[in-house]
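Student: What Swiss-Prot records for this protein is below:
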type	residues	note
BINDING	Ile23, Arg24, Gly65, Lys68, Thr69, Thr70, Glu131, Asp132, Tyr133, Arg174, Tyr184, Arg221	ATP binding site
BINDING	Thr69	Mg(2+) binding site
BINDING	Arg313, Arg318	DNA binding site
REGION	4-184	region 'Large ATPase domain (RuvB-L)'
REGION	185-255	region 'Small ATPAse domain (RuvB-S)'
REGION	258-336	region 'Head domain (RuvB-H)'
Amino acid sequence: MIEADRLISASGGREEEVIDRAIRPKLLADYTGQDPVCEQMEIFIAAARQRGEALDHLLIFGPPGLGKTTLANIVANEMGVNIKTTSGPVLEKAGDLAALLTNLEPNDVLFIDEIHRLSPVVEEVLYPAMEDYQLDIMIGEGPAARSIKLDLPPFTLIGATTRAGSLTSPLRDRFGIVQRLEFYNVKDLTDIVARSARCLGLDMTEDGALEVARRSRGTPRIANRLLRRVRDFAQVKSDGRIDGPIAARAMDMLDVDNEGFDFMDRKLLLAVIDKFLGGPVGLDNLAAAIGEEKDTIEDVLEPYLIQQGYLQRTPRGRIATPRAYAHFGLQRPDEG
């Protein structure tokens, strides 16, 4: 199973990125949720603008689908500067990064997604650029090679990552501002769904937005994806208006339950409960029981179940929590 194939995957494809771009907020005033982050960024941006300086380099980390790219674009808009976007895997050679840096205007933003995947060679070039706004370039080869320094205009590097722990210490230490994005609560997600519905010209009630939000796993990207599928259902099966009952029927058809679980989430939990008496069960046995790769279980299925308190990893194996039993209306063996 590929994560991107799941309706409730937080990863987004290129086509979805284009659609989401049309409904993204452009300014902090339009950005819903992440209140501590927004409050801090508002102050940092205002101070940098008053001084006429580039904003300090910014690292944004957190689970996928929470709005790291959106926030980077908002920072550029609020600063009134251009943004150039790339990603860690794309920057294979030092020259790739140098080409981007030398084309920046004063105070521009360079946004690097998946910055934890930068190659060591590219990272070495980035250090003096971030610290001194200088670019060290090697001219020629062999004994005749020499290093020259190019001055760069002041700029802001914004790095985004889902794995802050994978960043090297020298790179992480060069960011003056570090922000973590958290999963969204249902209220904020409801507001996001309602705003997206307005941007798409949909007739949606508050309870319809709530129904989509509560099944979106705290993630705006999933909420917007579910909204588009609910729109399709309402268009074909009703008069196009999205209310609570219509949204619930659409979600049931899509096999996304009240907690945002899909078939694979439920299959894993029920395997632990039914086949292994609630656990503990080792990863090898669990993978064989549900017919999935071990990496898929560890990287795709388990994280959300653990975060929400439905599954525990222990030294002896996986254990289903009381909350998992309650979700399926089952009684724990020790309660029988």
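Keep in mind that glycine also has a Cβ here, set from the backbone N, Cα and C atoms.
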Student: If H, G and I count as helix, E and B as strand, and all else as coil, what does DSSP give for Gly65 (ATP binding site)?
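Tutor: DSSP call for Gly65 (ATP binding site): coil, neither helix nor strand.
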Student: Quick one: largest C-alpha distance among Ile23, Arg24, Gly65, Lys68, Thr69, Thr70, Glu131, Asp132, Tyr133, Arg174, Tyr184, Arg221, binding ATP per the record, in angstrom?
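Tutor: The widest Cα-Cα gap among those binding residues is 37 Å.
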Student: Which one of these binding-site residues, Arg313, Arg318, has the sparsest Cβ neighbourhood, judged by other Cβ atoms within 10 angstroms?
Tutor: Arg313
Student: Take the region 'Head domain (RuvB-H)' (258-336) and count its residues per DSSP category (helix H/G/I, strand E/B, coil), listing them in that order.
Tutor: 44 helix, 9 strand, 26 coil
Student: Could you put numbers on the helix, strand and coil content of the region 'Small ATPAse domain (RuvB-S)' (185-255), residue by residue per DSSP?
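Tutor: Split into helix, strand and coil, the region 'Small ATPAse domain (RuvB-S)' (185-255) gives 51 helix, 2 strand, 18 coil.
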Student: Within the region 'Small ATPAse domain (RuvB-S)' (185-255), what mean pLDDT does the predicted structure show?
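Tutor: Mean model confidence (pLDDT) across the region 'Small ATPAse domain (RuvB-S)' (185-255) is 94.
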Student: Expressed to the nearest Å, what is the distance separating Tyr184 (ATP binding site) and Arg318 (DNA binding site) at their Cα atoms?
Tutor: 27
Student: Under a three-state reading of DSSP, tell me whether Tyr133 (ATP binding site) is helix, strand or coil.
Tutor: coil
Student: Tell me which of the binding-site residues Ile23, Gly65, Thr69, Glu131, Tyr133 ends up closest to Arg313 (DNA binding site) in space, Cα to Cα.
Tutor: Gly65
Student: Taking the Cβ of Thr69 (ATP binding site) as centre, how many other Cβ atoms lie within 10 Å?
Tutor: 19
